[in-house]
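The block underneath contains the structure these notes are about, expressed in structure tokens.
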Amino acid sequence: MVLADLGRKITSALRSLSNATIINEEVLNAMLKEVCTALLEADVNIKLVKQLRENVKSAIDLEEMASGLNKRKMIQHAVFKELVKLVDPGVKAWTPTKGKQNVIMFVGLQGSGKTTTCSKLAYFYQRKGWKTCLICADTFRAGAFDQLKQNATKARIPFYGSYTEMDPVIIASEGVEKFKNENFEIIIVDTSGRHKQEDSLFEEMLQVSNAIQPDNIVYVMDASIGQACEAQAKAFKDKVDVASVIVTKLDGHAKGGGALSAVAATKSPIIFIGTGEHIDDFEPFKTQPFISKLLGMGDIEGLIDKVNELKLDDNEALIEKLKHGQFTLRDMYEQFQNIMKMGPFSQILGMIPGFGTDFMSKGNEQESMARLKKLMTIMDSMNDQELDSTDGAKVFSKQPGRIQRVARGSGVSTRDVQELLTQYTKFAQMVKKMGGIKGLFKGGDMSKNVSQSQMAKLNQQMAKMMDPRVLHHMGGMAGLQSMMRQFQQGAAGNMKGMMGFNNM
């Protein structure tokens, strides 16, 4: 993600405070100059940058600050707070109501990725258990219905449109009525793309809006136009009641920071951001976690939400086995399935403190996914005895012929099968040691159930299993321990005050 360049530069500026022997006005000004330069390079409006600098300066009075206070943390906190303010419109975003029929109308410029974003939003809510559907009321662009139909079919989302009807108002009205009668909860209407000077298309947009009475009008914005987003968003807000904004193409443009801050300046809440072309390259936008991830400080709350989506608590049989230190090849297979359900690896890594959003490139991500699928293919060729044995690796070592059979069945080499078994053995050994830690699987606040010495042992085991580069990115053992503490607090629902500056 190109936005990661901005995150890297700001993080580098903040870290310069740690290298300074004395924190004085000169050090503060040098750091602020670096931060402001990075923001200007990301096309953030100069007035907003100037305001950020003034706000930090007024919040930090080095001469008046008590000697016992940690000046570095105070400055870092002030910068973090101002960065959050930069992308926060100060308006609560609209959210759909479960059990109700929520009609969402999409508007935006041509080429902003509106039709693709409609499908992404429908897929996002579908994965969360909502009954979603799509309506194509874009009769202006040739191929619009074909594109929506293709996206919807691929994601198995019901859709409505017409090749013969040319009146978007009729299509939208008929589609909404049809899906309301079928009790759909999220009804998404895609409209024709337009430019702000096209009065006829704006009139059409108003007619569609008046006909279907949407609960939420979403404006889709292309991040590549940077701070010009502000004028575009205002033009749309003047015509229709735009309640939310989705910013697309944040993965490929250096002006993303300018786009986000410009939208916030219009007092329109950003609800999602598009970070790639795939249907799951789509993330809910929350200001504080976004800035936290941008600066490599992670988003533990988001990570816990992802884990909770998998409903792992329902798997009582697995929890019971883990309590006794048992872990089979089938368990590993199921965990691989869960990892794939959580979405793109880069999104997950970005939520872990110490990792920037750029840690894993698209190429590496595809390679990792392919490797995971390959391991699952190998396990698909194993029989029940091999998958369900509490010591799966021993079953294969006693009868090496099994390795050859599995390799032939999955179309891989015997070495690939052996590598899988080695990986499984490491997992199984760790689970065995975790099973000896009383209170680890009780649920609730782990820090109350598990002693400090036991937690330290668990952290050491995790560190041994990790790739050294990964551990380094997390800030070594201290970073790993900090993440585990945050995860414990998050699991207990205590997310307040988690700023994560201790590893800066």
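Each residue, glycine too, has its Cβ placed from N, Cα and C.
Swiss-Prot annotations:
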- 1-295: region 'NG-domain' (REGION)
- 108-115, 190-194, 248-251: GTP binding site (BINDING)
- 296-504: region 'M-domain' (REGION)
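Swiss-Prot feature annotations superimposed on the structure.
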{"residue": "GLY108", "record": "GTP binding site", "Cβ contacts under 8 Å, 6 or more apart": "LYS114, GLY193, TYR219, VAL220, MET221, PHE236"}
{"residue": "GLY111", "record": "GTP binding site", "Cβ contacts under 8 Å, 6 or more apart": "GLY193, ASP222"}
{"residue": "THR191", "record": "GTP binding site", "Cβ contacts under 8 Å, 6 or more apart": "MET105, PHE106, VAL107, ALA137, ASP138, PRO168, ALA172, GLU204, MET205, VAL208"}
{"residue": "ARG194", "record": "GTP binding site", "Cβ contacts under 8 Å, 6 or more apart": "VAL107, LEU109, GLN110, PHE140, LEU201, PHE202, MET205"}
When DSSP states are folded down to helix, strand and coil, where does GLY111 (GTP binding site) land?
coil
Within the predicted model, mean pLDDT of the region 'M-domain' (296-504)
67
Simplified to three states, DSSP reports THR191 (GTP binding site) as strand
Which three-state DSSP class does LEU250 (GTP binding site) fall into?
coil
